[in-house]
Structure formats: structure tokens, C-alpha cells
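Colleague: Structure incoming, see below.
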Amino acid sequence: MTFDLFEHLEPPEVVRENLAPGAVILRHFVLPQARTILAQVAAVVKCSPFRHMTTPGGYGMSVAMTNCGDYGWVTDRQGYRYSDEDPLTGKPWPPIASLLYQLAVAAAEQGGFSDFQPNVCLINRYAIGAKMSLHQDKDEKNFTYPIVSMSFGLPAVFQFGGLSRSDTVQKCLLTQGDVVVWGGASRLAYHGILPVKAGHHPDTEDCRINLTFRQID
Ligand SMILES: O=C(O)CCC(=O)C(=O)O
Ligand SMILES: [Fe+2]
């Protein structure tokens, strides 16, 4: 009889790391569901493929993006905005799968935000070397709702600063299954992702996937 040492291991416990008032990392929060979530991302991408959008200033973003939900975040020469249809397909974005929705709501709750009903899920794909410069999430009309951000695949360094671009940043390595929630006093905190280092992950191969849930009304 063979004995599998790992067969009966429980998924790792969720570990809270407070970043700032209103901001927390929930380590491993979606680790047990990671593969299911990545399969749901693959299903979204079949309808609304990843694409490299252009900033209003005319630069191509290194991160490839798509969305699911009632609205999706888009950028082109006309500016940053939310759109109820995918400009690539002319169709509505695919819906947010129920598991994803429930996990985002549960993470927000753990972060101290109890009435979160996300209607946007921006999906970011970082190839090796891709990054997201320090920015604020401020295209939403209402800042009472938090941002819930889930990480999968290759690790990446998340920078989390203050309300001014020049504030010092904390650097946190995010790995598969980690969730960051920020709202309240931290809702407009500057944040970003340093260039993803070369590596291989069994579930995503050579990239990092990030899902960012927002509620816009
Ligand atoms: O990839 C991440 O962890 C952050 C993504 C982000 O800040 C954004 O999509 O606005
Ligand atoms: Fe952001």
C-alpha cells in the first residue's frame, strides 16, 4: 500500500496581515479554489479575450486585460472608464461566476466591509516582465466600496503606499491564493506591481493572474 504524505493535509489557514487602516492581506484566502477560479478565468477569456489596452497618453500596457461582470474597466485614447460592453466583441462582458462573486464578498467581509456587491471583475494577466505602475483606483464614482484583489500563478511584489504618490510604500510578495482588500481610509491608497520575475507555476505556467473586484453604481 502506498501512503501519500500530502493526501490528508488541510488547505493552509488564512493568515491576516494588516497593511494600513482599511487594508489587509488575507493570505491563502482563495487557495483551495485556485484551480477552479483559473478555469473560470479561461472560460471568460474564450468570450472576451485578453488584450493589451492603450493608455490615454498612447502607451500600450504591459499587462493584458479582460473583464467579467455588468461593467468592465477599459482604457484607450479617449480615457479610462467603465463600459457595459466589451469594445473588442461589441457584446456584454461575461458574467461573474457565482463562486467568484461569493468569495469576493466573503473577502470584503473579512476585511471589514460588509455590504459589498461587486459588479466589475477586472482580470489582469502579467507575463514575465509585466508591471503596473503606482496608481490609485479612482475611476469608480463611489469610494465607499472596497477593492478586492486576488492573486494566482507566479508571485509578484505588490507595492502599497499612502494617499500621496510620494508616500513610502510597503512591499509585499503576493502568491497564489492571496487576497488583498483595501477600502475606507485606504481606498485611494497608491499601489502597483513590480515587474514579474521569470519563473514557472504549475497552474499558470509563465504568468501571474490577478482578479480585481469593484462595485460601481
Ligand atoms: O495586479 C495587482 O495585484 C493589482 C492590480 C491593480 O492594481 C488594478 O488592476 O488596478
Ligand atoms: Fe489598482
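From the backbone N, Cα and C atoms, a Cβ is placed for every residue, glycine too.
In case it's useful when we look at the structure, here is the feature table from TrEMBL:
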BINDING   TRP73, TYR80, ARG81, TYR82, ASP139, ARG165  substrate binding site
DOMAIN    117-217  domain 'Fe2OG dioxygenase'
BINDING   ASN124, ARG125, TYR126, ARG208, ILE209, ASN210, LEU211, THR212, PHE213, ARG214  2-oxoglutarate binding site
BINDING   HIS135, ASP137, HIS191  Fe cation binding site
Colleague: Out of ASP137, ASP139, which of these binding-site residues shows the lowest number of other CB atoms within 10 Å of its CB?
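Modeller: Per-residue Cβ counts within 10 Å for the binding-site residues ASP137, ASP139 bottom out at ASP139.
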Colleague: Can you list which of these binding-site residues (TYR80, TYR126, ASP137, ASP139, PHE213) have a Cβ closer than 6 Å to ligand 1?
Modeller: ASP137
Colleague: How would DSSP class ARG165 (substrate binding site) in three states?
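Modeller: Looking at the DSSP assignment, ARG165 (substrate binding site) belongs to neither helix nor strand, so coil.
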Colleague: Near ligand 2, meaning Cβ under 6 Å from any of its atoms: which of the binding-site residues TRP73, TYR80, ARG81, ASP139, LEU211, PHE213 fit that description?
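Modeller: The binding-site residues passing the 6 Å Cβ test: none.
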Colleague: Can you give me the residues near the recorded Fe cation site, meaning same chain, not HIS135, ASP137, HIS191 themselves, Cβ no more than 8 Å from the center of the site's Cβ atoms?
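Modeller: Apart from the listed residues, the neighbours are MET132, LEU134, GLN136, LYS138, ILE147, ALA189, TYR190, GLY192.
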Colleague: How far is it from TYR82 (substrate binding site) to HIS135 (Fe cation binding site), counting Cα to Cα, in Å?
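Modeller: On Cα coordinates alone, these residues lie 17 Å apart.
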Colleague: If you count the C-beta atoms lying within 10 Å of each candidate's C-beta, which of the binding-site residues TRP73, TYR82, TYR126 ends up with the smallest number?
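Modeller: Output over binding-site residues TRP73, TYR82, TYR126: least Cβ neighbours within 10 Å is TYR82.
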Colleague: Could you pull the average pLDDT for the domain 'Fe2OG dioxygenase' (117-217)?
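Modeller: Average per-residue pLDDT within the domain 'Fe2OG dioxygenase' (117-217): 98.
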Colleague: When you tally the Cβ atoms that lie within 10 Å of each candidate's Cβ, which of the binding-site residues (TYR80, PHE213) has the highest tally?
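Modeller: By the 10 Å Cβ neighbour count, PHE213 comes out on top.
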Colleague: From the Cα of ASN124 (2-oxoglutarate binding site) across to the Cα of ASP137 (Fe cation binding site), what is the distance in angstrom?
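Modeller: So the alpha carbons of ASP137 (Fe cation binding site) and ASN124 (2-oxoglutarate binding site) sit roughly 14 Å from each other.
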Colleague: Specify the nearest of the binding-site residues TRP73, ASN124, TYR126, ARG165 to HIS191 (Fe cation binding site), where nearness means the distance between Cα atoms.
Modeller: ARG165
Colleague: Counting across all protein chains shown, how many other Cβ atoms sit within 10 Å of the Cβ of ASN124 (2-oxoglutarate binding site)?
Modeller: 22
Colleague: Taking the Cβ of LEU211 (2-oxoglutarate binding site) as centre, how many other Cβ atoms lie within 10 Å?
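Modeller: I count 26 other Cβ atoms within 10 Å of it.
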Colleague: Have a look around ARG81 (substrate binding site) and count the other CB atoms within 10 A of its CB, chains all included.
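Modeller: Counting Cβ neighbours of ARG81 (substrate binding site) within 10 Å gives 12.
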